[in-house]
Amino acid sequence: MLEGQIIKALSGFYYVFSEGKVYQCRARGNFRKRNISPLVGDDVEFQIENKTDGYILDVMSRENALVRPPVANIDIAILVFSAVEPDFSTNLADRFLVAIEKEDIKPVICISKMDLASESEKEQIAVYKDIYEAIGYDVFVTNDEPDKEAIKDYISGKTAVIAGQSGVGKSTLLNSLNSDLTLKTAEISNSLGRGKHTTRHVELMPIGDGFVADTPGFSSIEWDDLQPETLQFCFPEIEDRRSGCKYRGCMHENEPSCAVKTAVEANEIAEFRYKHYIQILQELKNRKPRY
């Protein structure tokens, strides 16, 4: 019995990467009865029938799982936003951060297209960078030509996703990383049957000793399962101060003696971050129940 990680799922086959090789596997027949649906990123136990084919025997417990894209065991999410074209939006950045924080995935903020920004825009980005770094987030900026080495350092030994709205440079980032992999991944690409005209599915690409989920469509934000009372845990600087609130169930909205509001007034929490917290809180409270 071998252990490996699913790096692609297509037409009922699961492509499992183990010790430098890729095996085309099917799931055991009883998976459906046990309500087990393997995902790309799953760690699995499998047995091989020959040099290239095998059967998945069991799926290990997951650290986390995203719905769209359907991928499991993500260690890190590189959230790509452009400085300009489209302009950097703290509102959008905070919404992506909430979506990633709620899955207990480490976010890294990448701000692209800095070479296209004016001096005043660069100064404003620098202010935002300082604020997010003070919260505890890693932030790096890139020009039109991405800093591949910096990105590889983040990905090393991990499974990562790259997310962001359309037009911010996700494809440029992936393609620049992928260009270095032609020789290294030739064998894997052949095993997976990757071609120019194949339908795009979620797929883990090896980058150094890590993997990146090739998810071109990852630009939506999902928080259907997020409850109003748990939103505060997706804002680290709010979570850090909640213990100082007078009332145990404080939502940091209209309650008296709120340590979070006091921190906002003292400029210890960025006003825009608190504003976005309240906006999202109201959206969650006003959300219609789904049946």
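From the backbone N, Cα and C atoms, a Cβ is placed for every residue, glycine too.
Summarising the annotation, Swiss-Prot assigns domain 'CP-type G' to 63-221 and lists sequence analysis as the type of evidence.
Under the heading GTP binding site, Swiss-Prot lists SER112, LYS113, MET114, ASP115, GLY164, GLN165, SER166, GLY167, VAL168, GLY169, LYS170, SER171, THR172, citing sequence analysis as support.
Annotation comment: Swiss-Prot describes CYS245, CYS250, HIS252, CYS258 as Zn(2+) binding site. Cβ neighbour count for CYS258 (Zn(2+) binding site) (all protein chains, 10 Å cutoff from its Cβ): 20. In three-state terms derived from DSSP, CYS258 (Zn(2+) binding site) belongs to neither a helical nor a strand segment and is classed as coil.
Checked against THR172 (GTP binding site) by C-alpha proximity, the binding-site residues CYS245, CYS250, HIS252, CYS258 yield HIS252 as the nearest.
When the C-alpha distances from CYS258 (Zn(2+) binding site) to the binding-site residues SER112, MET114, GLY164, SER166, VAL168 are tabulated, the minimum falls on GLY164. A 10 Å cutoff on Cβ-Cβ distances gives CYS245 (Zn(2+) binding site) a total of 20 other Cβ atoms nearby, all chains included. Every protein chain considered, the tally of other Cβ atoms within 10 Å of the Cβ of CYS250 (Zn(2+) binding site) stands at 20.
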